[in-house]
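Data block below; observations after.
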Amino acid sequence: MTDVTIKALASEIQTSVDRLIQQFADAGIRKSADDSVTAQEKQTLLTHLNREHGSAPDKLTLQRKTRSTLNIPGTGGKSKSVQIEVRKKRTFVKRDPQEAERLAAEEQAQREAEEQARREAEEAAKREAQLKAEREAAEQAKREVADKAKREAAEKDKVSNQHTDEMTKTAQAEKIRRENEAAELKRKSEEEARRKLEEEARRVAEEARRMAEENEKNWSETSDSPEDSSDYHVTTSQHARQAEDDNDREVEGGRGRSRSSKAARPAKKGNKHAESKADREEARAAVRGGKGGKHRKGSALQQGFQKPAQAVNRDVIIGETITVGELANKMAVKGSQVIKAMMKLGAMATINQVIDQETAQLVAEEMGHKVILRRENELEEAVMSDRDTGAAAEPRAPVVTIMGHVDHGKTSLLDYIRSTKVASGEAGGITQHIGAYHVETDNGMITFLDTPGHAAFTSMRARGAQATDIVVLVVAADDGVMPQTIEAIQHAKAAQVPVVVAVNKIDKPEADPDRVKNELSQYGILPEEWGGESQFVHVSAKAGTGIDDLLDAILLQAEVLELKAVRNGMASGAVIESFLDKGRGPVATVLVREGTLHKGDIVLCGFEYGRVRAMRDELGREVLEAGPSIPVEILGLSGVPAAGDEVTVVRDEKKAREVALYRQGKFREVKLARQQKSKLENMFANMTEGEVHEVNIVLKADVQGSVEAISDSLLKLSTDEVKVKIIGSGVGGITETDATLAAASNAILVGFNVRADASARKVIEAESLDLRYYSVIYNLIDEVKAAMSGMLSPELKQQIIGLAEVRDVFKSPKFGAIAGCMVTEGTIKRHNPIRVLRDNVVIYEGELESLRRFKDDVNEVRNGMECGIGVKNYNDVRVGDMIEVFEIIEIQRSID
């Protein structure tokens, strides 16, 4: 249908253009005279008009008038003509479709009710006829008894009245005749019923024989074994017995007759499923039983299940975690029953929620089942126990961790000890991840771990303290105890590791070693000369003074500790650091604790496993083995392990893979169990939270420790208004997948000591993504803070700009009360918000409506000048009031 204009449509339907435009406007469609109208808009208008004026009338009234003339004879023989008008009125009602359906349903229900009533009436008539026949039979029996008594009386008194005797004999003969007729009718009906039953029995037997012949034919086609005859006889005898039972039930009558007739209904030709399942099973059982001997009997295979009289108590095996649905399946009950039992115990759970072993045990025992607790790490324990750990323990080198505040000279001190220049290679001179080195000294070998001092690397310092024997706490003599120094002391105490204090930068003029001792004593680190257990050594990493004394102190402390380890046997250790190398794959820095790690060993490392393909020391040289307290880089793992994971050499790579996969699944279950679910108790808290802005970040770094540290630091920046969300993180360069993820989630791409490859740069350029590279963690955190600060809503502050004192009050016909004021402070500006103060109490807050000076409207009045002030919608201004003018300024907030 083509579109027409408003004018053409108006002429077509014979109405005015203005009326048609108004009708379209009422229907919600704005049109002008030259606009075109689509078919959809026409339909909308038609629907609106039908709704306004109503569609076709529901009632139709027809009126008919019939006029005729009637001649009425009048007086004097004259006829009088009378006009007669007959008016007929008939109303037709158009029913609503729902009403029509309802009436049709009512008519159908009425017809069904009438049919039901008719059937009930017929049944009542049948019952009445049967009762009437029974009553007649009873009366007949009574009459027979009475007649017998009369006959006996008549025989005793034969001579009394011959005529009476003859009448009695005639009545008796009539009664005998009626009795004979009733007996004949009863005999005929019984013969008819017996004949029908016999025909039915013959038909059932014939059907049974026919089915037996078909079964014999089927069995003969599939097998030529002598069991066919057995099948034939068993099937035939079975159906014969069935026919006999049916016949007996029909003869007995009652409900059994109707049921047996239904059961004996003939099966369709060719329907192999017409036989009952019990018959076929018994026939097959008899055939199988015929192999053993001739006299083996076939027993009917019937369902032997009976509903248990009491609850079945089961042995429920429960692992460390289990979902509510799995627990319900193990107890063979519905999940709702388990949830109900948990609610009785005071715990709310959904059917897919993971519950711990103790809760599952309580629920199962509450429901009456026996619980068997299963340790799911049996395979892991078996793999760990099947290790050759050696026997003889030998002295080993101490593992020393250098800890302290940032920029206190930890790396410089270690540089001097190693006689290499490493700090210049660190970005900004700050250690970004753990470095592990072993140093040969004149008095023996020492392994050093250099940890970062920045606040973000708390977890890395904690790992360093756990993997170490001695902590060297570096404190700058000119700076004293700082926050990370205190944190290092706490880590050392938590790991129960002895502390050797190196007071660094002793060569500076402002150095104050005694101040360091006093401050450290407040945290439980007392020098030996004060009766404590900690050695204090004054060193200068720049000048090299005191370095030998520090090494001697470390070796002395190690000698006191009597450090020993098994050198021969399968190695075990810890991951100090890990990262993903583009050419070599996952690389892990491992500190061997016991045994000897060889090239080619199969290692299990947290969620990862693999064969050691290559080993390198801290200088990048290839080595074939590493003993206790030796840090090495290993290649060949299946993935990047988490820093701090245990490294264990095992015998079987297949079992190592199984254990690693089990650990991954276990970690996932624990993570799901810890997830915060949106339950009823925190629903209102979620509802009350306002709009929260999010800063999405995709983070890539060079090593795993840096990823963890940066993620923790960024997540700690989150506030109630702005939250940091790490969409994705990983080790290695920025790939195309990372760029696509950032584009899909509107995230910032952050690279820490890594770069984007060519394909990623194309996606970043095409999507105009925000890509930022960092090499110092300070800069990264500061820029994310700045981005978050931009998302914070500004803070509104009221700043008073002027104060005026009311000296007099005038009346104005236009503005009402006008306050004649003297500006005492600042500037009074027009259209600014004001407050009216009376006795230093705010009584009104509004805005200036009029500001005049000598009858001239002005925009502002300065200090020391008089003016007239009209306050909008306020006339209760009195002499002595103060009018305070202020302005609202926005202050940009920042993340602290």
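Using the three backbone atoms N, Cα and C, a Cβ is placed for every residue, glycine included.
Looking at the stretches 14-18, 429-433, 439-443, 594-598, the one that Swiss-Prot records under the feature region 'G2' is 429-433.
Range 404-411 is the one annotated as region 'G1', of 52-59, 404-411, 828-835 (source: Swiss-Prot). Your range for region 'G4', going by Swiss-Prot and the list 424-427, 504-507, 716-719, 720-723, is 504-507. Looking up the ranges 386-389, 450-453 in Swiss-Prot, the one annotated as region 'G3' turns out to be 450-453. DSSP assigns Ile506 (GTP binding site) to coil, not to a helix or a strand.
Secondary structure at Lys410 (GTP binding site), taken from DSSP and collapsed to helix, strand or coil, is helix.
The average pLDDT computed over the region 'G3' (450-453) stands at 60. Cβ neighbour count for Gly404 (GTP binding site) (all protein chains, 10 Å cutoff from its Cβ): 29. Looking only at other Cβ atoms within 10 Å, the busiest spot among the binding-site residues Lys410, Ile506 turns out to be Lys410.
Its Cβ placed at the centre, Asp407 (GTP binding site) has 17 other Cβ atoms within 10 Å. Look at Gly404 (GTP binding site): DSSP puts it in a strand. DSSP states for the compositional bias 'Basic and acidic residues' (93-219), grouped as helix (H, G, I), strand (E, B) and coil, give 118 helix, 1 strand, 8 coil.
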